[in-house]
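What TrEMBL says about this protein:
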DOMAIN    14-99  domain 'Ig-like'
DOMAIN    104-191  domain 'Ig-like'
DOMAIN    209-290  domain 'Ig-like'
DOMAIN    300-384  domain 'Ig-like'
DOMAIN    390-479  domain 'Ig-like'
DOMAIN    481-570  domain 'Ig-like'
DOMAIN    583-681  domain 'Fibronectin type-III'
REGION    669-694  region 'Disordered'
COMPBIAS  671-680  compositional bias 'Basic and acidic residues'
DOMAIN    686-783  domain 'Fibronectin type-III'
DOMAIN    788-884  domain 'Fibronectin type-III'
DOMAIN    885-980  domain 'Fibronectin type-III'
Amino acid sequence: DDNMPHGPVFLQEPTSVIFPLDSEEKKVKLNCEVKGNPRPTIGWKLNGTGIDIGMDYRYSLVEGNLLINNPNKTQDTGTYQCVATNPFGTIVSREAKLQFAYLENFKTRTRSTVSVRQGQGMVLLCGPPPHSGELTYAWIFNEYPSFVQQDQRRFVSQDTGNLYIAKVEASDAGNYTCVVTNAVTNSRALGPPTPLLLRNDGVMGEYEPKIEVQFPETVPSAKGTTVKLECFALGNPVPTISWRRADGKQIPRKARRHRSSGVLEIPNFQQEDAGLYECVAENVRGKNVARGQLTFYAQPSWIQKISDARAAMEETAAWECRASGRPKPSYSWLKDGEPLRPQGRIRIEQGSLTITNVSLADAGMYQCVAENRHGVIFASAELSVIAVGPDFSKTLVKKLTLVKVGGEVIIECKPKASPRPTYSWKKGKDILRENERITVLDDGSLRIVNVTKSDAGSYTCIATNHFGTASSTGSLLVKDPTRVMVSPFSMDVTVGESIVLPCQVSHDHSLDIMFTWSFNGHLIDFEKDGDHFERVGGQDSAGDLMIRSIQLKHAGTYVCMVQTSVDKLSAAADLIVRGPPGPPEAVTIDEITDSTAQLSWRPGADNHSPITMYVVQARTPFSVGWQAVSTVPEIIDGRTFTATVVGLNPWVEYEFRVVAANLIGIGEPSRPSEKKRTEEALPEVTPANVSGGGGSKSELVITWETVPEELQNGGGFGYVVAFRPLGTVSWMQTVVASADASRYVFRNESLPPFSPYEVKVGVYNNKGEGSFSPVTVVYSAEEEPTRAPGGVLARSLSASDVEISWTSPRDNPHKGRIQGYEVRYWRYDEKEENAKKIRTVGNQTSTKVTNLRGNALYHLAVKAYNTAGTGPASATVNVTTRKPPPSQPPGNIIWNSSDSKIILNWDQVKALDNESEVKGYKVLYRWNRQSSTSVIETNRTSVELSLPVDEDYIIEIKPFSDGGDGSSSEQIRIPRMSNAYARGAGSSTSNACTLSAISTIMISLTARSSL
């Protein structure tokens, strides 16, 4: 909390500044922001010496920041630190350097002419003037702004400023001027021009590369910085520059190559980038190598800082700080801004500081300083020393302490005090003397063992140190101990039973008592486990435990724990649960044949009831779950751990499991054994449902049901298909080598159509051939009919139905047996290829076409068909369906009933222009409880029905015409009547007769009067 008094804390520390000498601002500001309570005062150091702000008018403090007016390179260059002080101590900031950047002019005005031969390599020196701050270099060729463009032949070193030309060409002759730019001040200086002349005494011949620009043998490189290595060579032809690592590692992927590989740049330099780097310059005359070691260094960085600490007088205060860096940082310590030396109570070991027997003089501000040759960092913390007299205000002696007779009690005495006080005790008003039962512990607490009733009373702790004395009083009550009167006892039970474990005690009834139970070391949660566990008893001295529907998992140790405010005790019992056996273990297939498997296993837990028998179960990829299997011995007793499974299918992958049983029940099955396949055997099952027929011309199609994989008895499974003309002796055979095949087609142009063949299908596998199926007769493919039906006639039956008839064609049965006929029909506005089809079976020579559109022209044609296809079509006939029947249902229906007669009247239905005329009406009626309907036709608009009494009737009326039946009225319900008279009415627009289902004449008449 910033409102609490505390020592100085830096919020902002100064950073290094490079100040341009030619800056127009003419002032430098070094920032320093500090918090503290009271507010700290701020001062500054230059090169370790305090700056007297009042002694130099150029210095001023603005809210703690140091402002230097008209900075002077000679006086003000150096290392600055901010110093913050308040009554709690002093801290110094990190170091900030003030440097000055400048660039003077070149001294010389002329330079000597450089003469070289064409093809020779050349170096022009820049010789920059005095300066401070990073420089960049460029060269002007002849006149500004014509700068020398760097490429594989020309290179400007940014370390020296020199210009290198690997192989001089005629176009290189001219004047060269070095341009130097200060990156901080942005000022520029131009050197004197250097003339370059070509000698006329010949051309330089080819020579191997000579490396003129190379990096040092050791290049220290800071963590996170960008490292640039320069390398350039003279030579004829112009050398190529390449880079590699001498340790065999790859150049970092982040590295970039500039200026035709003359510069290798490695950004964000890290430890793994360090190593021996080589620059290779090569041409046809040879190659040369320059190498240098990139070493990694890092300024110190905090891993663990120190934080504010409080210590009581005469206690020990300790801090530890840790920093990373390369080289490894060294540590020193400051107290209130001054170096701290190890002596006496002060021990310094690397980054750890320990002060023993702390005194008030040790309070202050401490700083851990981590340093290597690349930088210094500071971490600050305040040490507060507590010095107070004994104070019980927050840690009073416990007002009331309870203990049982014969027990042990500790009455704590923990006042706040610094330094640590001395302690004494009173009982009542008398000084308490220590003896073999009564002891004052080192922390001031009072310990009494083997307590008696006489130890009850008030006790006062008295604490004293240099700063005062204080006391606090509490009372001790001695109670009778708790005793277990009825303990839980061990039991032997069977799964599913319920029991009660007793736990009853005697105790001091002035004390609250609590019962808890644990099972195998874990507390029982009665809410979570309420299905099985319940506390019973009903009185405060009983905590019995009921266990319901006991399972095997409930076997173990149960502990009743009893606790009062003065003592706790427990009593335990073991519960043995008998149940079905546990799963057998390690089921193993020891030997397997084509139909048997020898198994062995180890018995599982018998759960306290001897195992009486075992059952073996098997599972295959083809079975539905696990199935019991036959074994030898047939009944496996509880002392037998091997068995032979018999009746297995050959060449099937099996896995087995074993189930144990005892007198209590059947246990859980074992884990499955490993999967193993039985050995192969000759196939025994023949294909079922051998049949065939159909197909295309000159084909004999034979079909069968495939043999399931589990019955194939081996790999390499296939089928042998045999066939012969009916009545012949010799069989033709072919092999179908696919286990999934279910069809074979024999093709031969000389094969007569629809001829009977005897066929049979056998099986084989890797072990040999099995049996054939029973012989069955199959017919070869027949030819489609060759002639069209004749005498096709069609007539309209209604608006939606047409009847069509024809005569059968006369044909040779072997030239196209007829199985039936196909009628094709399409409307006048449809295409023939979209015609709909219906088929008849056998010798039927007429059929009805339904669901047609009314008053529409249809085209129809007939074809004969068989299994080979359809024959030619008959001549097309046309027919127009009749107009649709009336769409308006009969309306205004009125009925009267008397005795067993019902008279119905309705309005005449009139057909629309596009509908066929009404020929009459159909009255449909049925009992309410029956589904069969009776129909009466009439050409009048009334009808009289003679119907039995005591029945409800449902009646509806519809018109009919040449176009068929029209729309029906809504159903009318006539309620039952007993020789009475009634009348009613119905509407074609209502859902039913307006009379509801009622059984008295009075209600019927009332209902009608409401219409």
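Keep in mind that glycine also has a Cβ here, set from the backbone N, Cα and C atoms.
Among residues of the same chain six or more beyond the compositional bias 'Basic and acidic residues' (671-680), those with a C-beta under 8 A of the stretch's C-beta atoms are 583, 585, 587-589, 592-595, 597, 599, 619, 648-657, 713-715, 765-767. Note on the region 'Disordered' (669-694): residues 583-585, 587-589, 592-595, 597, 599, 601, 604, 617, 619, 626, 648-659, 700-707, 711-715, 717, 719, 759-774, 776, 778-781, 867-868 of its chain, located 6 or more positions outside it, place their CB under 8 angstroms from a CB of the stretch. Looking at which of 104-191, 209-290, 390-479, 481-570, 788-884 has the most CB pairs under 8 Å to the domain 'Ig-like' (300-384), the answer is the stretch 390-479. Confidence for the domain 'Fibronectin type-III' (885-980), expressed as mean pLDDT, is 83.
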